[in-house]
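Contents: one structure, followed by commentary.
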Amino acid sequence: MSNIVWHQHSVDQAARAKLKGQNPVLLWFTGLSGAGKSTLAGALERALFEAGFHTYLLDGDNVRHGLCKDLGFSVADRDENLRRVGEVAKLMVDAGLVVLSAFISPTREERDSIRARFPTGQFIEVHVSTPLSICEQRDPKGLYVKARRGEISNFTGISSPYEAPLSAELTIDTSKGDLASQVRALIDYLTAIEVINPSRLTASA
């Protein structure tokens, strides 16, 4: 029998959310490398932040500078990377934040495992569905070139599969339309499910 028990705090998620005037959620941006996940998530965070919302963006590269710096890119390490991020995101949502996470997260099992940690409605899957051909053309880090040469193993979309979501809450192809309209679609969705109050966005415009 474990001696570790959960300590119930006197201040809960609902109280923190009320103080911030928002409903905490996790927006999980998934898609191929170069699909535009970080760009889209960053633009949304900027719009929400400027309107006075309390946010935090977890980025796939950034967490490997600290939280996950001990991990490589084997299947086991990539799974552990996402497990840690999911737990951190859960703590941040409990703190009352609107959390944005931008990770390739190639398998449905990984994403569904993270979704299962949250109450219904608090995990919003955003499939950034930009086609592989466009992602390769962009190749901002030169990774596709290396993967095609065989210099990178288990590279998602080339030598390792990407499992597209079957029922994502939102699907956005960043090769269609402009960034502003894509951010608008995300904000409209968050407004519709009452995560944010649209009057605050209007006031900040």
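From the backbone N, Cα and C atoms, a Cβ is placed for every residue, glycine too.
The Cβ of Gly36 (ATP binding site) has 26 other Cβ atoms within 10 Å, all protein chains considered. Gly36 (ATP binding site) falls outside any helix or strand according to DSSP and counts as coil. Annotation source Swiss-Prot lists ATP binding site at Gly31, Leu32, Ser33, Gly34, Ala35, Gly36, Lys37, Ser38, citing sequence analysis.
Cβ contacts within 10 Å of Ser105 (active site, phosphoserine intermediate), excluding its own Cβ and spanning all protein chains shown: 28. If you look up Swiss-Prot, you'll see Ser105 marked as active site, phosphoserine intermediate.
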**Item:** ATP site, defined by Gly31, Leu32, Ser33, Gly34, Ala35, Gly36, Lys37, Ser38: further same-chain residues with Cβ within 8 Å of the Cβ centre
**Value:** Ala102, Ile104, Val128, Thr130, Cys135, Thr174
**Request:** Identify, among the binding-site residues Leu32, Ala35, the residue whose Cβ has the fewest other Cβ atoms within 10 Å in this structure.
**Result:** Leu32
**Fill in**
Cβ neighbour count (10 Å, all chains) around Ser33 (ATP binding site) is 22
